[in-house]
């Protein structure tokens, strides 16, 4: 069997390790095992500087992977609860269709993150092309979530700025059609990339197009709509209650803009400069996982009743925050606008 000989040498400690690596094995996994073997020999020596540096580096990677797993577990639990409640326990509405699909995208992203990080901890590394496939699935779920949040932000802006038109002229199945289109659109670039990847083609331009769409289309749109909703919430009359649904959407958009900006910056930097500091990309990915985990917490905190000591079930909390979609939070404004139009009609008559 043909093997590749790899030598690991550290000048500072004068240690050298020679190991044979099979071409069928994951090169990254074998290098990590080689470093662990070097670390074991280093621990038998009395040199303190090299031991301290290597121990600190490995401890940092271990803590980072544990953080990934904890965040992923909490996010999987939260998004799984949202999928169960909105999919099977609560009446489906126009807006909950968006939230259900967003939770499915977040659940898929966190599942990929959890499996990938667990493989590093247990030492079972994925070989080519499985490792690239995990990355493409992550990118697919991330892009889908970003498109869905963009659609949600535009939907809420139209509902707030044009409440009467939104209520009377919105197509009944628009949210379902939009979500299906988003899933299909998000899958095109990763599917083409993976198909050509199996044929040993390099098509980084396809991912580059998707990155440009994410960074230069979705993010600016979400930023503008978030500012519009924020101004609407802040300058709304104090005599009228601010809708929970509007506050929930505003918080979800706010956290996404903050947590997703580093990852979008990493993608754009890789596309333009073809390199990025490893620590920056690691923290950018962990922030994207944190963003996918925080949405269920937002739904819970906004939907729960602040007054009263009675405990509410999760179903009641979610019904409390999403019931405004049946009669939108701006229902008062709709009635006022209708009254204004009817008054004008009477004056004309």
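Keep in mind that glycine also has a Cβ here, set from the backbone N, Cα and C atoms.
Annotations in TrEMBL come from automatic prediction, not curation.
The transmembrane segment annotation in TrEMBL falls on one of the ranges 177-199, 315-337, namely 177-199. Within the listed segments 13-41, 245-273, TrEMBL records transmembrane segment for the stretch 245-273. The stretch in 98-115, 177-199, 245-273, 279-302 that contributes the largest number of Cβ pairs under 8 Å to the transmembrane segment (135-165) is 98-115.
Most Cβ pairs within less than 8 Å of the transmembrane segment (211-233), among stretches 98-115, 177-199, 245-273, 279-302, belong to 245-273. Counted as Cβ pairs under 8 Å, contacts with the transmembrane segment (177-199) are highest for 98-115 among 98-115, 245-273, 279-302.
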